[in-house]
Amino acid sequence: MADRFFQNEMRELVAEDEAASERAKDSLTKLLHLPYKTLSQRLKISALDLKQMVVRETWGLSGKRVNDYTLYTGALGTAFLVFKSYQLTKDDNDLKLCSQIIKACDSASTDSGRVTFICGRAGVCALGAVTAKHAGDERLLERYLRQFKERPVVDDIIKAGRQLSSEGKCPLMYEWHGKKYWGAAHGLVGIMHVLMDMELKPDELEDVKSTLHYMIKNRYPSGNYPSSEGSESDRLVHWCHGAPGVALTLVKAAEVFGDKEFLQAAVDAGEVVWNRGLLKRVGVCHGISGNTYVFLSLYRLTGNVEHLYRAKAFACFLLDRAQKLISEGEDAWR
């Protein structure tokens, strides 16, 4: 199992100290000692450089043609990255480029039967609506918003979850490719997160709450969560499967319900991520980047600076080693 992640040997807390940073012998310790403001600038420069490379390789070299339109593995993911860059820099060129890529994804997905956010039309329409809003294009905004009717979708989700749950003890349950997944990408906890953003009836809210209690009760002794119903393989600590994605939803649940059990379970999941979340990959779905969001989410909820430091530590680890991981792959670290 340990071959999936780096042993976390970073100290629990490293003080901000420019002088100590200069004295430190290894590059990671140097970064950990940097004040947040200084480190933030380094992260920004590195992120924008990486964005340029991604745009060049996924959009420029493709001749601006879309073969895969999805957010998960395709051009819409590039558009989302460019939009995040726009949010950071307020560079109108980023907003224009994002709109251009979304337009191409829109055309490529017109006849698609997939409706999910990360793998279907919902992602195109959601990012299209947000981008149109920022661009001040009310006509385009309305067009994207008309694509989906919110309440009927919620009704179908609740109905489907209750139908499958009749086979077990969990109030809501879903299948994807024949498995009852628990994770944030294709499973139970991701669906619960979305439902908590909707206007739910009291009995529906109770089903969401009880489903999350069921998941907490049935986690592994390690504190990690199964990738699917009944799985005994305690291996995955990813955003898509395992404690990271669950932690983000539990933070949301703590905000929505004010339940201390959800808060404590989120903190417990964060411990799993701190100990086993330095993965030998860099991405959001099953890499260090996605796992770092757990600590940012916990910090925003609790104000506890320990979580902010842990986010800083994971970001420093990425800044120090991501390029080698990207260029050489995880086998370089075995």
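Note: Cβ is positioned from N, Cα and C throughout, glycine not excepted.
Since we're looking at a predicted model, the values are computed, not measured.
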Candidate sharing the Zn(2+) site with Cys285, His286 (per TrEMBL), from Cys170, Cys240:
Cys240
Additional residues surrounding Zn(2+), by Cβ distance to the Cys240, Cys285, His286 centre under 8 Å:
Ala185, His238, Trp239, His241, Gly283, Val284, Gly287, Gly290
Just to be sure I understand the packing, how many Cβ atoms besides its own are within 10 Å of the Cβ of Cys285 (Zn(2+) binding site)?
18
